[in-house]
Each structure stands twice: as structure tokens, then as C-alpha cells.
Amino acid sequence: MQRLNTMTSINLTTLTPSDPGIKHSRTYNATELPNQSSNCSDPGLDKEVLVFAIFTVFFCILGILGNGVVIRLLGSCKRNTFTVYILHLSIADFGLVTAELIIEIHWFVTHLYCGFPYHSFQTVFLIMYSTGQFVLTIISIDRCMSLFFPIWYRCRRPPHLPTILCIIIWVLSLILGAIHHILIVVTTFGDSPLMYQFILNAVLCLPLMTVSSLTLLIKVYFVSNQQRRGKLLTAILLTLVFFLILAFPLNAFYFANYLFREVHPNLIHYGYLCACINSSVNPLIYYIVGRVKMGKAKQSMKDILQKMFKEEENTSEEMETTEGKI
């Protein structure tokens, strides 16, 4: 059974992996739960899905290792605005790749994207995916505020605002994930609640993230006379760009499926693979950007992160002084 089968509608027509030219319908009545193993039948091994699953597992393992290191280091260092945001982003990325790894292991064993524990960890994936989008959106807006209103940002902004916003984001994502899981397990929802969740994420996050990213790019690299470009700002811009390129297509594929009612199942697998690559690449971005102009001396990940955040504090102070003179 293809992954798309279990994530579109309860009354569903789609392609089987064994014969792409044959369509079949799978219907659940009011007494059957879509996550019961009795509703799933092993279609055999699909070679295309196998390739996606192998690559997904590979990047999930890299993501678990990389984000685990970032979480451990940021969890033990002094907190500032962006350590809070990046810590929560890393936790979301870690949870996403962990959930997806378990889903893929389940597929290797059963050749199915349905039943238990698939639906439970699909909900975890959704919560982490939504949290990552919301945190990145807040980061992009916060960064714009720090560039355009540096004095207000440093002197008037509530000191615990980042922590409060992250808590709100987690609560919102948990509520949305719980609603999705309840609709899947308890009711026969006419269309996939998962699909609507991805569409909602796109509507909420895409405009804000795109406008903020373009504003940051234009302000920092084309308008500002400042010679020094903060490494953290560069890392944030790269993270936003990679998210828009890699992670956001998953929203687009579900939106296309909503509009056209038939999308090739491999597009969904490709979307999940790209989402895992995005969650795995962020620690590498921090490491590469942090090492730039450090010379040949060996630097630990902890030293790189600390210097990057320290440089950001110094850059913000310089910007505040410049703004005050103007």
C-alpha cells in the first residue's frame, strides 16, 4: 500500500504499487477504524518505494545525530533569543526525523503505511513538522524586527518573549496534531484531515516566511551599508531558503492532491524525503557557516555555536549604536 492511500480520503481511489495502471478503491464503513491492522493488506515489495525508504532512513539517522548534538550543546549553554529559537527548532527537527525513521522501519517490516504504529507516529511527524514551520516563521519575523527596529528590539522587547512564543507554538501544534489523530482514529472523516493540516500550514506560514526572507535578503545584502554580515544571520537565511526549497513541497503536494484528487504517490514519498533532508541539513549549516574564516584550527561544534551567537550579540550592539546616531 502506498503512503498516499492512507493519507487521502477514507473513500479512496488510487494506484496500487504492484500495477500502476490498475485503480482500486478502499472503503471504510462507520464501524471500521482506518488504523486497524485488519484493514491493511501486504501488497508486496515496491522497488520505487524501497529506494525512497532507504534514502529517507539514511537522512533520518544523520538528522538524529546532528540535531542531537545541537540540542545537547544549546541545552547546556547560556540562552539568548536565538539559542531559544534554534533549540526549539532542533527539537522539532529531531522529533520529525525520529518519527519518520520509525515509520520507515515499520514499512520495511510490513510493506505498509497504515495500522499501528504508523498513524501514531504520523501524528508525531505532523506535530514536529508544523512546529518547525511555525518556529522558522517566528525566527524570520523576529530577525526583521531586530534589523529594522534595533533599539526597540534590544530595550523594549519582553526578555522572555522567545520562550513564550515557542511554548504557544508547541501548544498549537499539539492541539492541531491531536485533532488530526482523533479524526483519523475515531471518526470517518470524508477527506484527509492530514491534507487540510498541510494546507493550513501553507496558508499560515508561506506568505509570512517568504516576505520576511526576501526582506532580510534585500536589507542585509543589497541595501545595508554594514560590512560585517553576522554568521547567525547567514545561517538563518540559509535555513529559511532550504526550508522553502526542501520542506515546503510536501505542503504543495498535498494541496495539489486536494485540487486534482490524483497525485502520483511517489511525489508524496519525495516530499517526505525532502522534509527529512531539510531537518537533517540544519546542523550542517550551523557548522559550515560557523567555521567560515576561522582558519585551519580545529573547532568543536560547541565553540562554533558559542562564537556564532556571541558575534550576533556584538553585531546587534553595533547596529543599535549606529541607529542611535542616525
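The backbone N, Cα and C atoms fix where each Cβ goes, and this holds for glycine too.
Here TrEMBL flags 49-70 (among others) as transmembrane segment.
Feature annotation from TrEMBL assigns domain 'G-protein coupled receptors family 1 profile' to 66-286.
Same-chain residues lying 6+ beyond the ends of the transmembrane segment (82-109) with a Cβ under 8 Å from its Cβ atoms: 49, 53, 56-57, 59-61, 63-64, 67-68, 70-71, 74-75, 117-118, 121-122, 124-125, 127-129, 131-132, 135-136, 138-139, 142, 162-163, 166, 169-170, 232, 236, 239, 272, 275-276, 279-280, 282-283, 286, 309, 312. Residues or ranges marked as transmembrane segment by TrEMBL: 82-109 (among others).
Look at TrEMBL and you will find 121-141 (among others) tagged as transmembrane segment. Within its own chain, the transmembrane segment (121-141) has Cβ neighbours under 8 Å at 7, 82, 85-86, 88-89, 92-93, 95-96, 98-100, 102-103, 106, 165-166, 169-170, 172-174, 176-178, 180-181, 184, 194, 197, 201, 204-205, 208-209, 212-213, 216, 236, 239-240, 243, 247, 250, 275, 279, counting only residues six or more beyond its boundaries.
Here TrEMBL flags 161-186 (among others) as transmembrane segment.
Within the same chain, residues 129-130, 133-134, 136-137, 140-141, 143-144, 147-148, 176, 226, 229, 233, 236-237, 240-241, 243-244, 248, 250-252, 254-255, 258 sit at least 6 positions outside the transmembrane segment (198-220) and bring their C-beta atoms closer than 8 Å to a C-beta of that stretch. The annotation transmembrane segment is assigned in TrEMBL to 198-220 (among others).
The annotation transmembrane segment is assigned in TrEMBL to 232-255 (among others). Within the chain, the transmembrane segment (232-255) has long-range Cβ neighbours (under 8 A, six or more residues past its boundaries) at 7, 82, 89, 129, 132-133, 136, 139-140, 143, 194-195, 198-199, 201-202, 206, 209-210, 212-213, 216-217, 220, 263, 267-268, 270-272, 274-275, 277-279, 281-282, 285-286, 289-290, 308-309, 311-312, 315.
Annotation comment: TrEMBL describes 267-289 (among others) as transmembrane segment. Residues 2-4, 7, 48-49, 52-53, 55-56, 59-60, 62-63, 66-67, 69-70, 86, 89-90, 92-94, 96-97, 100, 129, 132, 231, 234-235, 238-239, 242-243, 245-247, 249-250, 252-254, 256-257, 301, 304-305, 308 of the same chain lie 6 or more positions beyond the ends of the transmembrane segment (267-289) yet place their CB under 8 Å from a CB of it.
For the transmembrane segment (49-70), same-chain residues at least 6 beyond its ends with a Cβ under 8 Å from one of its own Cβ atoms are 2-3, 17, 86-87, 90-91, 93-94, 96-98, 100-101, 104-105, 107-108, 266, 269-270, 272-273, 276-277, 279-280, 282-284, 286, 301, 305.
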